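The following features are taken from TrEMBL:
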| type | residues | note |
| --- | --- | --- |
| TRANSMEM | 17-38 | transmembrane segment |
| TRANSMEM | 44-65 | transmembrane segment |
| TRANSMEM | 77-94 | transmembrane segment |
| TRANSMEM | 100-124 | transmembrane segment |
| TRANSMEM | 145-165 | transmembrane segment |
| TRANSMEM | 221-240 | transmembrane segment |
| TRANSMEM | 252-273 | transmembrane segment |
| TRANSMEM | 285-302 | transmembrane segment |
| TRANSMEM | 308-330 | transmembrane segment |
| TRANSMEM | 342-364 | transmembrane segment |
| TRANSMEM | 370-391 | transmembrane segment |
Amino acid sequence: MKQHFSLPLWRLTNIRIYYLMTIVHNCWWIMGNWIFFWTRYMTYGTLGLIDALAFAFGVLMEVPTGAVADLIGKRKTVIAGMGFASAGIAMMTFSMNQYWMLIGFLIAQLGWALYSGAAEAIAYDTLLDNELEDSFEDVISRSHTLGIATTVTTVLLGGVLYNLYFQLPHIMWFVSFSIGTVFALFLTEPASDSETFSLKNYIRQMRNGIRHLVTPKLREYTMFFFFLYGGFAIYDWGLVKPALAEFFGFDALAMAVMYSVFGLAGAIIVSFLPAIRKRVSDHSGLYLLTVFVAVPYMLMALPLGYYAVIAFAMIDIAGRLVYPWLSVVLNRQVPSKDRATTISTAVLLGRLPYVIVAIAAGQAAESGGLGTFSLMIGAVIVLLTAVNVLINHRTRPATG
């Protein structure tokens with residue numbers, strides 16, 4: 001019972017399932033070892049190409065799947081997302097062939113795209129139905145804390161499993177998502193603004209979602225999704241983080257321990273997000289986080305050796321605050337009927353930078369040029385931050 005009280009609004013079925021699916025999506029058994037698994041079947045250069053293709057496909061799917069969620073129902077979209085993700089992970093786990101692994105990755109990307117916009121939207125709309133929308137920040141903050149705590153646990157266990165047998169972490173990843181698919185079946189559709197599906201409505205829904213991101217209230221934060229969340233995603237989503245760790249001499253077990261410690265610290269910090277936002281404006285806080293993302297990239301251009309752990313800690317811990325902070329801003333500014341589309345579009349912006357640089361990252365890892373690559377990423381983040389300040393300093397909205 002104490003665990004129930006520690007999670008806000010656990011009594012609501014959809015919120016309870018949202019917490020459980022958050023756990024599933026953060027079962028990163030493979031985080032400290034996946035790069036060693038994949039490079040059994042391909043070079044770093046090929047891995048960079050596969051990452052670019054798969055993430056580009058995922059980016060292309062983000063907005064359409066968000067629009068579908070708004071039009072045909074978020075519950076069905078979440079169930080489909082979990083099913084596709086499970087099937088894709090199964091193919092990546094058991095095929096042991098780079099071509100089938102790519103196909104599995106594409107299917108999983110479709111599943112994650114279906115899930116990403118619809119899951120948070122179904123949670124928020126459930127709170128709206130119960131006139132509890134003011135509690136969304138507490139729910140999202142606690143869910144991210146829960147997710148990071150799950151990551152800490154599964155990354156450590158994944159390191160142990162990898163030492164037992166290299167395929168075990170991927171098998172556990174598949175099992176976790178299969179269980180999550182069962183959880184999704186118990187969701188109920190919120191009584192929100194539903195519409196009958198049509199091509200006309202589909203196109204209009206996408207247009208409305210995109211339109212919200214360029215309004216004066218959200219324009220500056222839209223840019224944060226691109227260069228701040230996107231800058232962190234370059235580090236966190238694909239091959240860059242493990243390749244950099246290997247570049248500085250860390251093996252699979254060291255990565256598992258390092259990521260777990262960082263994840264625990266991140267979980268603690270994210271749990272204080274509501275309190276932080278009461279003392280620091282959204283504007284100031286997000287620019288401060290930009291510093292903690294850009295500076296480590298520049299530091300990792302130096303021959304730091306094991307001291308690179310300091311740079312990893314800065315970007316890994318601070319980066320955990322970026323998405324939940326931006327999510328709160330977005331959900332408070334966008335009406336329910338366009339929320340899933342708008343969230344999906346924002347996530348698209350955040351993933352686009354990695355799609356752009358993934359091939360270059362793979363080539364840099366293969367040629368030993370990761371230091372230069374890292375320096376360039378940090379410099380671009382600083383440049384885009386300066387541009388954002390210049391564009392928005394006269395029309396800055398107050399959301400914090």
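Cβ coordinates are placed from backbone N, Cα and C, and glycine is handled just like the others.
Most Cβ pairs under 8 Å with the transmembrane segment (342-364) belong to 44-65, among the candidate stretches 17-38, 44-65, 77-94, 145-165, 308-330. Counting residues 6+ beyond its ends, the transmembrane segment (77-94) has Cβ neighbours under 8 Å at 21, 24, 65, 68-69, 100-101, 103-116, 118-119, 122, 167, 170-171, 173-174, 177-178, 180-181, 183-185, 187, 340 in the same chain. A contact links the transmembrane segment (44-65) to the transmembrane segment (221-240), because at least 3 Cβ pairs that are 6 or more residues apart lie under 8 A.
When Cβ-Cβ distances under 8 Å to the transmembrane segment (145-165) are tallied for each of 100-124, 252-273, 370-391, the top count falls to 252-273. Looking at which of 100-124, 221-240, 308-330, 370-391 has the most CB pairs under 8 Å to the transmembrane segment (252-273), the answer is the stretch 308-330. Fewer than three CB pairs closer than 8 A are found between the transmembrane segment (308-330) and the transmembrane segment (370-391), and contact between the two stretches is not assigned (pairs 6 or more residues apart).
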